[in-house]
Amino acid sequence: MHVFTNLKLMQIIDSAFLVALLSIIAMLLWLNLTKVSTDVQHNMQVSNTSLQQSHAAFVQQLALENAIDQQRTTFDTLNDEFFKFAFDPNSTPDNLPLLHTLSQTLQQQGQALLAIWPIADRPDLKNDYEEAMGIMSNLSVELEGLPPAHWRQLAIDARDTANQAKLLMAEIEKIDNELGKQIGDTILQSIQNTDASAAQMAEQLAHLKQRALWGTLIIITLLIMSRLYFSTRFQHMTQMARNAQQVAEEALKTKARFLATMSHEIRTPMNGVIGMTRLLMNTPMSKKQTEFVDSIHLSGEHLLTVINDVLDFSKIEAGKLDLKREPFELRACIEEILNLLNAKALEKHLELAYAVGPSIPLFIEGDMVRLRQILTNLIGNAIKFTDRGEITIFVIPRCQKGEDYELEFQINDTGPGIPTERLESIFEQFSRADDNLARRHEGTGLGLTISRHLVEMMGGTIWAESAVGVGSRFHFTIKTRKAVGKLKPFLHSNIPEIVGKRILLVENNPASSQAMQDFCIGWGAVVDTASTSSDAISRIAVGKPYDIALVDSNLPGDSPLELAKYIRQRFSKQELPLILIAPPNDRHSKETVRELYNLYLTKPITRSRLFDSLMTVLGELNLISSRPEQSTLKLGERLPLSILLAEDNPINQIVASSILDEMSYKTDVAESGLQVLQALHKKAYDVIFMDMQMPDMDGLEATRRIRADFPPNQQPIIIAMTANAMEGDRQECLNAGMNDYISKPVLPEAVEMALQRWCITNSQPQPRKEPDYVTTSA
Amino acid sequence: MSLLVRETLQQLPAVILPRLIQMFGNTTPLMLTDIRQHAHSGNLLAMSQAAHKLKGSCISLGAEHMADICKTLQHKGEIGDTSNINTLIAELEAIYPQTLQALEQAT
């Protein structure tokens, strides 16, 4: 955190420095250019004024020269006319008007000249000129009044005045020329000034350029230095951050390793606690104690689930989880999961069905345990959060290249759905769709996160879609390839017994219907599907022949029975065998079903069960009598019995009671023959598993006493357990009144077979002298 | 004759195995002592019963070799045959630690 605060500060300083330098450059440029531009403007103004003045003076000089030239001409003309008039003997006053006109012209021109008089500092000159002008213009008037004798004198005067005037004008012209020269000098001066100012400007600009160059160089140097400084600092800080990250990652891994180790260490004794609790549950306890122990057991199971989740999660986090790549049978994997979860689904009356695309190979390569974990989690969640309806699982091939496949799994439910805003985070750790719902259901909230990690490790992705109030659909993909494995019989295609058989499938669940159709077609059968009983009846009514009919018990109302009655009116059980596809807790009366149907096919439908059923009816075996109800329920749930275990060896007590516990039987334990008798006096038992040799009173003696002392309705089935696997011992047991005999080591199959043999067929167990079957497990 | 038949262990619920093996480790030395003491004191019937009891444990856990020796000892005790008893007891005592180790490793 410290590093990142510093980094931020450094960035701010760096940016501020950069901005300051750029501002300085901009300001200097602005100031210098402003000065240059002001100078230029000023010089332009001065030069303009001077040129304008020079132009005006020049124009005036031209006008003056022009006026002086005209005046001279007029003076000369007037002078000539005077002389002509004065010295011509023929002159008469009639000639005077011409002189008058000329005098007037002279006067007008004189006025014009005066108007543009160039020199202000010579009033004497102007007065002389005005006088000369006045004399000259008055001469013609004077002439009119003079006698001809005086005309000559006047002409001479006129010539003198004209000469004087010309002299004056010459002087004016001279002055004016001087003025013109002055103007030329001014213009030259102005041009020189402009030149000088341009040169100065050029010099200023050059100076500015140089300064800008230096300034830029200095700034670039400063920038490079600051860059170097900051980049060193940044590098340092990045390194620090990287180190911190490494430390954190290492710590995380260590933590995950620690968690993984601890979870493993916790799990081992936890298994012990749960195992021992289950054994404790089999011992006599008060009601209160039973409640406490049940509570310990439930909590233990929950804790174990939590620990397993944590272990998986920490393994994934620590990168210690490796996936196997082994061939496994995908359909069997899904069927196993459905078998496992079926009990929970049945409790809520939910339908479970699955369909795998027919093009998907039987065996694929991958880690079955982990795939099962993902599916169990998703299907388990679907069951958990759905209160009515169905859960369907589809597997479809997304793409196939040679032997490589990408498969998509879809898990659909009809639950409450997940709000859109929660869908995105649902696969994040410690996240669940609804905290309220979560409180209803125990768990770590790690299940979906673990699934996401596992899916990603399998080269796939996981996502979910949902419509609130309608249901959810979880998808995930995995990358796998076709594999080769050992085929179970029902995995072969075109089974000779089934090939060509015509099967009518009456099923209203499309997923189940599709799955069964795929299986049957795979085995070579010809399948007709109907979704209602009336649909099925109409097919039979038109005379379509069928070899077997499969009917789902979930068809509405009594239609499974009505359909069967309709068929039985036409065909016997041998002509058209009927199989009822039903859950273990089917709602229809078992009596009626047995009358009409050949066989039950227990849900969830798996390929192996369907195969067994078809083979059974095709083999004309009626399983209703020999296999009354196939069930996924444990024996103890289907066939509740009170059992006493008589065994003195503590190890063997645990072995036997845990085997019985696996079958959902709680057993009471007696350690000697005497304790057996005492227990029987307190409570009636259906079955006693009796060790032969015990202290105080051995099993044979105890059996003899039981058979002798207790009334027939309290006689238990007694099954011997002994390590003396000799014919003599067996006979001795039977002679003592025991029903059956299993040898040690006690194996679950032997126990289950003995219980089924003696307790299912004999609703009223009676002691027998000679058993018709002896189960051994040698 | 193998020391341990693993298939027998695999048939048992996994949750109880650690506890069973622990119990085997706790109870067997006492039973071995019983067998030796009864053999020393010449009480062959008691020795036979002790051997039977140990045999029961051994069979349940698949400790085949030990079970077989116990069976022989039990039989000898029942018919009063003292021959080779000490050798058999010594052999039983000798293979017990190996058997326990094999059991511990099997889980």
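The chain as shown is numbered from 1 upward.
Cβ atoms here come from the backbone N, Cα and C positions, even for glycine.
Residue ranges A:158-211, A:266-319, A:536-589 are listed, and TrEMBL annotates A:158-211 among them as coiled coil. The highest number of surrounding Cβ atoms within 10 Å, among the modified residues A:ASP552, A:ASP691, is found at A:ASP691. Using a Cβ-Cβ cut-off under 8 Å and counting only residues 6 or more beyond its ends in the same chain, the transmembrane segment (A:212-230) has close neighbours at 10, 14, 17-18, 21, 24-25, 28-29, 32. For the domain 'Response regulatory' (A:502-618), the DSSP counts in helix, strand and coil order read 53 helix, 24 strand, 40 coil. Broken down with DSSP, the domain 'Response regulatory' (A:642-759) shows 59 helix, 23 strand, 36 coil.
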